[in-house]
Amino acid sequence: STMRERKTTDPVHSATDLSEGKEKLRLKQEVGLISGVSLIAGTMIGSGIFMSPEWVLHHMGNPASSLLIWAACGLLAMFGALSYAELGTIIKESGGEYIYILRIFGSFPAFLFAYTSVILVRPAGLAAVCLSFAEYAIAPFYPGCSSPQVAVKCTAAACILILTIINCLNVRLATSVMNIFTAAKLLALLVIVVGGLVLLAKGQTQSFQNGFQGTTAGIGAIGVAFYQGLWSYDGWNNLNYVTEELKKPEVTLPRALMIAIPLVTCLYLLVNVSYLAAMTPSELLSSGAVAVTWGDKVLGSWAWLISLSVALSTFGSSNGTFFSGGRVCYIAAREGHMPDILSMAHVRCFTPSPALLFTSAMSLIMIISGSFTSIVNFFSFMAWLFYGMTISGLLYLKIKKPELPRSYKVPIIIPIIVLMAAVYLVLAPIIDQPQIEILYIVLFIFSGIIFYVPLVRFKYHPRFLQRVTLHLQLLLEVAPTTKDVN
């Protein structure tokens, strides 16, 4: 069938076998601690730290309060990740928020998440990162003027196609690319940090004098500043999307989070201090690309290194986003909430290639139609809506089912803080400055009912889709997979 019925039996025994039970196809466990840290840090450190500082400063009104927002965003990401670590040790399946919502709240809300995530949220996140990669990659070819939008969008599309090939070929190749690019971007951020410390040692501290003067007090402005800051931290939950591909997930998941997120938070704060040491707040606000302006001021003739570093950083981040985003599509299809073809893996490469190809296609559509800032705000609203739902699921399990086995427990106050923050981030911009786009987003989420009722609830499977699935299986050389739940 094209849409597979959700299985209610023990997940270990609900696998689809190949060759009448003689052979099983599954994704391999190839993500260890170093690759786990790279997946989190490598996805988090992308375009945000090079694009968002000016917007956080713009909404907050002064350097000191903008630094507080960056620190608060890091703390919130850490609390969210620790909450997800406990969920990952209770529900040891890939899929992140989708699988947690499915197991705790049931089929319908999980379908709405999958529908929204697969069609909009994940492709939008990937498109935003690839657009910023393209901006920095082609900037040196257009000195003194802004790059033409056609060139930017074509470069971003080429980036997505390259990532598709890498991720479809081999999981180990994709994680190796992640490890290499994570090392490169950490080196680039260290250059900015050291440069900033040298400037501070020389006495360039004028940006920090009267640091809190002119702070914005509106709840909506603070909410939007959080959106821009949290965009830079997005990726803290990426390891939960590939739980079944982790070596010793009960150990690797919490450890990788506790290494990666504090590391990234410290780097972000130091990089922001470095920006403010090199530029006045007004210079930072007028800069289209903060890191490049910093490079021009501090590195002089070596400023091209910053453009190259940012391009490498955003490419590595888009690889991590693509790696995890394809898994949501794959897991949702395996549970019967997406067309069956998307739940299959390549018979030789052991990668979920149909799901990756679909994610790639949706991201290309986003690139054609969207811009960076609009994508970030729309992405953040939807993301925190579902983060809040997932965290409320953890609170339900902690209160109602404390007997469930778990190798890691987070203090209950932490998910409560994350849930309160999620409610604030969803409601604050709506209350302060209602926008018609928010209504469109909510309507889109609930438009999933049109597909859920016939295809999942009543299991209507059009015959022509079954034939299309068969032909695509032969064309893409893919087969159904079995779960590998640890």
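One-based numbering along the chain as shown.
Note: Cβ is positioned from N, Cα and C throughout, glycine not excepted.
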Check your understanding: Looking at the ranges 126-144, 354-372, which is given as transmembrane segment in TrEMBL?
Key -> 354-372
Check your understanding: Which of 97-118, 154-174, 409-431 has the most Cβ pairs closer than 8 Å to the transmembrane segment (378-397)?
Key -> 409-431
Review point. Would the transmembrane segment (154-174) count as touching the transmembrane segment (354-372), if touching means at least three Cβ pairs under 8 Å and pairs must be 6 or more apart in sequence?
Key: yes
Check your understanding: Under a criterion of three or more Cβ pairs within a distance under 8 Å and sequence separation of at least 6, are the transmembrane segment (256-278) and the transmembrane segment (97-118) in contact?
Key -> no
Check your understanding: Quick one: do the transmembrane segment (31-52) and the transmembrane segment (180-201) have at least 3 Cβ pairs under 8 Å, skipping pairs fewer than 6 apart in sequence?
Key -> yes
Review point. Of the listed stretches (64-85, 97-118, 180-201, 409-431), which one yields the highest count of Cβ-Cβ distances below 8 Å with the transmembrane segment (437-458)?
Key: 97-118
Point to revise | Surrounding residues of the transmembrane segment (354-372) on its own chain - C-beta under 8 Å, 6+ positions past either end | key: 47, 51, 118-120, 122-124, 126-128, 130-132, 135, 153, 156-157, 160-161, 163-164, 167-168, 322, 325-327, 329-330, 333, 341-344, 472, 476, 478
